[in-house]
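**Q** Got a structure for you, written out below as structure tokens; questions coming shortly.
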Amino acid sequence: YFLFTFISFILFCRISNGNPGNPGIWMDGGMHAREWISPATVTFIANQLIEDWEILPEYMRNVDWYIHAVANPDGYEYTHTTDRLWRKNMRSHGRQCPGVDLNRNFGYKWGGKGTSANPCSQTYRGSKAFSEPETFYISKYISNHPRDTFQAYLSFHSYGQYILYPWGYDYHLTADKMDLDRVARQAGTTITKKSGGKYTVGSSATTLYPAAGGSDDWAKGFAGIKYAYTIEMGDTGRYGFVLPASHIESNGRDGYTFVDTVARAVTQGNNKYSRKRAF
């Protein structure tokens, strides 16, 4: 059966077969308002889980899926009505520029490299860690569960086609970097085989740039979630943030392949991948 929980102002659901002891996998999208392919991809994945539930392999059905498709609802709405390339939320700072970069507002190494104290900056980190309700309630929701509930935290962004893992706050590597890298590369290789899409894999700071206060760093460093990833969906620059709707399905399939690979790692370790898929 399916158990759905809806938060009134943000699309959120939990999909579960009800088995006690299932590992939890968290997925969120739309942390940055202009990255429309992100919530579209997360929604695509949720639809696949629901529509194909009866034919999914056991390792997919023995996961509790926590799906938060639009983590920045007011910013997302603003990109539809006023400024298509708006990044932050819509926090008012009085006469100053509005908005906080939610992916600089999480409370692990908050305020460090790659963040700004200037409210007019695209990477404004906020007045303090978790100053924003969007980030505060994500952290509160996850922290209110037993510590071993969530085995993976997957945050969907765009663009560039990267699979990134902590740390983002500085040029350091996690103690289990090899595990994170192995699963990420498995996902990237499978995506390439299935769709031809090519994803660059690596730690966030060394692969792109340092950025403190990110959600994946918080998930790994504070919440203790082993498989914490940020995946930057397509494309690689031709359309950038303004990706045509015709690209939703291909990105959705790539996103699903990524999620499938992580679920397999969580439930089965690194066993050989073997299953049929009804795409």
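For all residues, glycine too, the Cβ spot is worked out from N, Cα and C.
Heads up, here are the entries from TrEMBL:
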type: SIGNAL; residues: 1-18; note: signal peptide
type: DOMAIN; residues: 1-266; note: domain 'Peptidase M14'
type: ACT_SITE; residues: GLU232; note: active site, proton donor/acceptor
**Q** Average pLDDT across the domain 'Peptidase M14' (1-266)?
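**A** The average pLDDT of the model in the domain 'Peptidase M14' (1-266) works out to 94.
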**Q** GLU232 (active site, proton donor/acceptor) has how many other Cβ neighbours within 10 Å of its own Cβ?
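**A** The answer is 23.
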